[in-house]
Amino acid sequence: MGDEAEIKEHLKPQASSETIDKKHNVKGKRLWQKVKYQLVEFHSLPAYLRDNEYIIGHYRSEWPIKQILLSIFTIHNETLNVWTHLIGFFLFLALTIYTATKVPSVVDLHSLQHRLPDLLRKTDLHKLHSELMSRLPSSPSSWHVMDLLYNCLPERFSHGNYTDMCVLHSVREDLANLIAPLIFRPITRWPFYAFLGGAIFCLLASSTCHLLSCHSERVSYIMLRLDYAGIAALIATSFYPPVYYSFMCDPFFCNLYLGFITILGIATVLVSLLPVFQSLEFRVVRASLFFGMGFSGLAPILHKLIIFWDQPEALHMTGYEILMGLLYGLGAVVYATRIPERWMPGKFDIAGHSHQLFHVLVVAGALTHYRAGL
């Protein structure tokens with residue numbers, strides 16, 4: 001009996017060394033993956049991921065795409081960088097849809113034509129004539145016209161006299177001459193849509209960059225260049241609406257300023273393609289380049305103020321433009337100086353570090369510019 005049991009035990013199939021090794025490899029691979037997908041500290045990063053030595057921990061390093069995409073819902077030092085601009089992207093997408101459906105795209109000439117007769121009979125024609133001649137050329141959109149007509153002196157007249165009829169005839173001719181060019185060249189809104197498109201592209205590119213850059217060196221290089229292109233696009237297109245609408249009656253300066261800021265934006269994108277542009281030593285250079293792009297818009301703003309210094313609309317818009325510039329400029333300073341994390345390294349790894357503040361200021365500046373464009 002003992003010999004028989006021993007023979008059965010000997011005949012029982014034994015696990016091969018290859019099978020045992022495979023099990024150990026699978027177990028080891030799972031353990032390695034678990035360790036690999038953990039967040040690491042700055043000193044463990046490859047060189048291409050080292051950007052801010054004041055952010056000590058909570059880095060993702062060379063994760064696979066699937067894990068990176070899932071990390072959008074987890075906590076790490078890029079979480080708020082992704083979401084601040086991703087929320088901004090959806091916000092500007094909604095504003096673009098709202099603008100296309102709610103804000104008039106051209107001068108409502110037909111509405112103006114039907115409403116003018118009644119309005120003319122209810123206003124002081126002398127005041128109307130002088131106001132239209134002095135203010136309409138610089139603000140030809142229909143809501144400006146209607147605002148002017150409604151805000152003329154409230155005197156009413158029930159019986160037209162010869163003087164009123166002469167003024168009415170003069171107003172009719174002058175108004176026709178002023179609005180006639182708009183029939184053949186209606187006021188376009190492409191500059192405003194260009195700005196909205198630039199903002200959408202910038203915010204989406206930024207979110208994508210912060211989410212995917214930790215995958216590999218090649219992906220990081222591509223994503224960062226896309227991010228720089230988005231910043232240049234936002235800055236350049238931000239000047240399209242104020243330049244176009246301020247100088248639409250002066251094609252030379254309109255084309256000059258639009259061409260200059262466009263060429264400057266393209267040049268900035270080309271410079272950003274250089275590998276050295278991403279190095280730590282060029283951090284201040286990067287911020288200065290984008291700051292210089294924004295500062296170049298000071299020329300058309302001052303030019304506009306010289307021409308329309310007595311127009312309330314121009315002063316109102318300039319106020320918003322100055323606020324926008326301050327927000328963008330403050331963002332560039334925070335980005336370059338890496339405040340506040342340089343004061344307390346490691347304390348702002350998850351929330352409150354300079355790049356997150358920079359993102360918030362960019363979105364605030366873009367929203368300010370949107371309000372100015374309305």
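Yeah, the Cβs are placed from backbone N, Cα and C, and that goes for glycine too.
Under the heading topological domain 'Cytoplasmic', Swiss-Prot lists 1-79, 213-228, 278-288, 335-347. For 80-100, 192-212, 229-249, 257-277, 289-309, 314-334, 348-368, the entry in Swiss-Prot reads transmembrane segment, with the evidence type sequence analysis. Annotation source Swiss-Prot lists topological domain 'Extracellular' at 101-191, 250-256, 310-313, 369-374.
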Among 192-212, 229-249, 289-309, 314-334, stretch most in contact with the transmembrane segment (80-100) (C-beta, under 8 angstroms): 192-212
Close approaches to the topological domain 'Cytoplasmic' (278-288) from elsewhere in its chain (Cβ under 8 angstroms; 6 or more beyond its ends): 50-51, 221, 224, 228, 272, 332-333, 335-336
Positions on the same chain near the topological domain 'Extracellular' (369-374), where near means CB under 8 A and six or more residues out: 92, 95, 103, 192, 195-196, 199, 238, 241-242, 317, 320-321, 324
Spatial neighbours of the transmembrane segment (192-212) far in sequence, C-beta under 8 Å, 6+ residues away: 65, 68-69, 71-72, 78, 81-83, 85-86, 88-89, 92-93, 95-96, 99-100, 219, 223-224, 226-227, 229-231, 233-234, 236-238, 240-241, 359, 362-363, 366, 369-370, 373
Reported mean pLDDT - the topological domain 'Extracellular' (250-256): 92
